[in-house]
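To keep things clear, I will list the structure first and then write my remarks on it.
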Amino acid sequence: MSGSPAVVMRLVASAYAVAEKAGTIVRKVLHSGELGIVEKTGANDLQTLADRLAQQSICASLSKRFPKITIIGEEDLPSEEIQEDLIETGQSEEILQRSCPPEYSQLKEEEIVVWVDPIDGTKEYTEASRCLHFQAVAQAPHKGLDTPQPHSTALWLLDNVTVLIGIAYGGRAIAGVINQPFYNYKLGAGTQLGRTMWGMLGLGAFGFQLQEVPGDRRIVTTTRSHSNKLVTDCVDSMEPHEVVRVGGAGNKIIQLVEGKASAYVFASPGCKKWDTCAPEAILHAVGGKLTDMHGNAYRYDANVKHMNSAGVLATLRNHEYYVSRVPQSVLQALKSD
Ligand code: AMP
Ligand code: MG
Ligand code: MG
């Protein structure tokens with residue numbers, strides 16, 4: 001490689017380190033037990049201290065190094081001085097060593113938009129926290145050894161939590177980083193928690209083993225906490241062999257690329273551009289597709305509407321099959337932008 005790395009490669013390399021730092025913040029706040037939960041539009045739309053600190057860390061770190069890039073974060077936060085220890089200056093050396101796909105080698109900061117979801121799956125994060133807290137109380141000596149732990153299964157929800165940093169150019173999601181802060185939590189003490197996945201169009205995606213659902217089995221993944229009749233009707237119309245209800249848009253794309261699900265079907269408004277930008281880029285980098293329920297692409301320009309009003313349909317393969325199964329009632333209710 002000659003000369004210094006392209007701007008976009010430096011950005012992805014920074015986003016990788018910044019997402020890891022955010023993952024550390026997300027773990028720290030969970031362990032503190034002080035989540036500082038705020039309801040935004042309602043009980044299923046939450047913000048915690050971890051969402052606030054992680055977004056501050058991501059946005060301040062990236063804008064310090066790339067001052068001309070437009071950065072849009074999910075959380076509405078007052079603009080205030082950011083604590084110095086939230087700033088991450090590291091970069092992934094491995095990403096810096098990679099050649100930039102020629103079509104992106106000349107991108108300027110001004111042309112790039114970054115979409116940030118500091119925690120995707122906040123609802124599940126708060127539920128897992130309650131479960132952990134319950135266990136801590138149950139294990140206190142005065143409670144005795146026979147205290148039941150009915151919520152312990154809720155710990156699986158930790159896998160639903162991700163940090164998403166999506167990079168867009170020309171209205172398209174071209175690169176993305178996903179940090180999964182609690183990956184490996186099942187292995188217990190002494191294991192390094194968390195992993196970071198990244199991908200870029202023209203380069204591929206890294207940090208996981210690409211796998212497909214075997215044969216023509218249809219496994220549909222969908223929301224567990226934002227369902228309604230339209231959502232369930234649409235899932236049924238796909239004639240799935242199995243339905244996997246998990247939280248988070250990032251986590252559902254992980255299900256697709258790791259061979260746990262064949263389609264992510266969400267026939268409802270609710271997901272926003274920061275939920276889909278990074279996951280879409282990683283999915284597209286390995287040949288998959290994310291669209292609205294009509295099969296139309298979303299755009300990620302700085303001035304677009306944040307809400308993905310026409311739902312989310314994502315697949316690793318056979319996108320056309322799933323688009324063709326979407327019921328008329330859904331197509332009529334959810335109009336493309
Ligand atoms: P889910 O699949 O329900 O975990 O949703 C994926 C992402 O979209 C999460 O970041 C949710 O917060 C967001 N989302 C989906 N539906 C809604 C809704 N009705 N209200 C608020 N956020 C939503
Ligand atoms: Mg989200
Ligand atoms: Mg979020």
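Just so you know, glycine gets a Cβ as well, placed from its N, Cα and C.
Binding of Mg(2+) is attributed by TrEMBL to Glu74, Asp117, Ile119, Asp120, and the same site annotation extends, among Asp275, Asp292, Asp301, Asp337, to Asp275. Neighbour count (other Cβ atoms within 10 Å of the Cβ, all protein chains): 29 for Asp120 (Mg(2+) binding site). The DSSP secondary structure for Asp117 (Mg(2+) binding site) is strand. Taken in sequence order, the binding-site residues Ile119, Asp120, Asp275 that lie near ligand 1, meaning a CB under 6 Å from one of its atoms, are Asp120, Asp275.
Secondary structure at Asp275 (Mg(2+) binding site), taken from DSSP and collapsed to helix, strand or coil, is helix.
Using the Cβ center of Glu74, Asp117, Ile119, Asp120, Asp275 for Mg(2+), the list of other same-chain residues with Cβ within 8 Å runs, in sequence order, Val116, Pro118, Gly121, Thr122, Thr162, Val163, Leu164, Gly248, Ala249, Gly250, Lys272, Trp274. Each of the binding-site residues Glu74, Asp117, Asp275 was scored by how many other Cβ atoms lie within 10 Å of its Cβ, and the smallest score goes to Glu74. Non-local contacts of Ile119 (Mg(2+) binding site) by the CB criterion (under 8 A, 6+ apart in sequence, same chain) comprise Val26, Thr48, Ala50, Asp51, Ala54, Tyr125, Val161, Thr162, Val163.
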